[in-house]
Amino acid sequence: MEFVGSAYKKEIKTKISNITITEFVLLGFSDVPQLQWMLFGIFLFMYLSILISNSIIMLITRTDSGLQTPMYFFLSNFSFVEICYVTVTIPRMLMDICTQKGTISLLSCAVQLCFVIMLGGMEFLLLTVMAYDRYVAICNPLHFPLVMNNKVCVQLVAACWVCIIPVVSGQTYQIFSLPYCGSNKIHHFFCDIPPLLKLACGDTFVNNLAIYIASVVFIMVPFLLILVSYGKIICNVLKLASTGGRSKAFSTCSSHLIVVVLFYGTATITYVQPKAYQSESLGKLLSLFYTILIPLLNPIIYTLRNKDIMVALRKLKTKLSVYGNT
């Protein structure tokens, strides 16, 4: 009798595993329904704050004559990528909180995943380019106008897109080529690599290896390049005779360094750490950190610690007040 029961259970399990999934369910924050509207209000406020603050940075870096430098050109591109990045995840999350459904088709999930890792990877590459810009400006100031001219800046940003798009497209195709059967519930608020691989039925060794290699190439290598750049910057700054020159050099780099530490710290834990050691709660918490909190903090870090942007903001405020009075 016990043998018949175990055989029956095995048969049922086999039938369930043979069901091909056509859609996923993002569980998100369904485990705390009592906090539904409070979370909705908090995330909506944070999303609007990210949109407004990054849009202001883009506006002043394009219109203010004092900010027409490579550093602010890259910062403007970074703000644009930030806006796109949060728009891929937060509106969908807000809709799921409202409806308490979380259903998402395979195609929509694949598109979301593709844009999440593409825009996230683009941010890492832009941070590396920004570090190189600071390195040239401080270590080779005489050659800076020649090395970092407008054409080179555009080419560097274009090169970042060219590098990231084919890799991300291939990785997304590889992940969604896996068979998904059994449970279709994703313990996350958006389609991300670690929770998706947990639902895959086939062997994910090749996928995990590809993710690890991509993480090393697009996270660890850029991080090492940033460390080398800032190592040389610090060595050159310490050689400066004037205290004022040192403080000015450090002030232009400190905001960038803070953003680098926040980004690379959370990304390394999420994508480089072995998946066996990741808990669903930790993954969700880290994702909240790098998809919402860091994009919210970035404009604050760059504005409060940057005198040029503060001056540009005052000019913009004056122009708006004059325009309002007329």
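Keep in mind that glycine also has a Cβ here, set from the backbone N, Cα and C atoms.
What TrEMBL says about a protein is an automatic prediction, not a curated fact.
Copied over from TrEMBL, here are the features:
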- 37-60: transmembrane segment (TRANSMEM)
- 72-90: transmembrane segment (TRANSMEM)
- 110-132: transmembrane segment (TRANSMEM)
- 152-169: transmembrane segment (TRANSMEM)
- 209-228: transmembrane segment (TRANSMEM)
- 249-273: transmembrane segment (TRANSMEM)
- 285-304: transmembrane segment (TRANSMEM)
Residue numbers, six or more beyond the limits of the transmembrane segment (209-228), whose CB comes under 8 Å of its CB atoms:
121, 124-125, 127-128, 131-132, 164, 167, 171, 174, 193, 260, 264, 267-268, 271-272
Select the range from 37-60, 152-169, 285-304 that forms the most Cβ-Cβ pairs under 8 Å with the transmembrane segment (110-132).
152-169
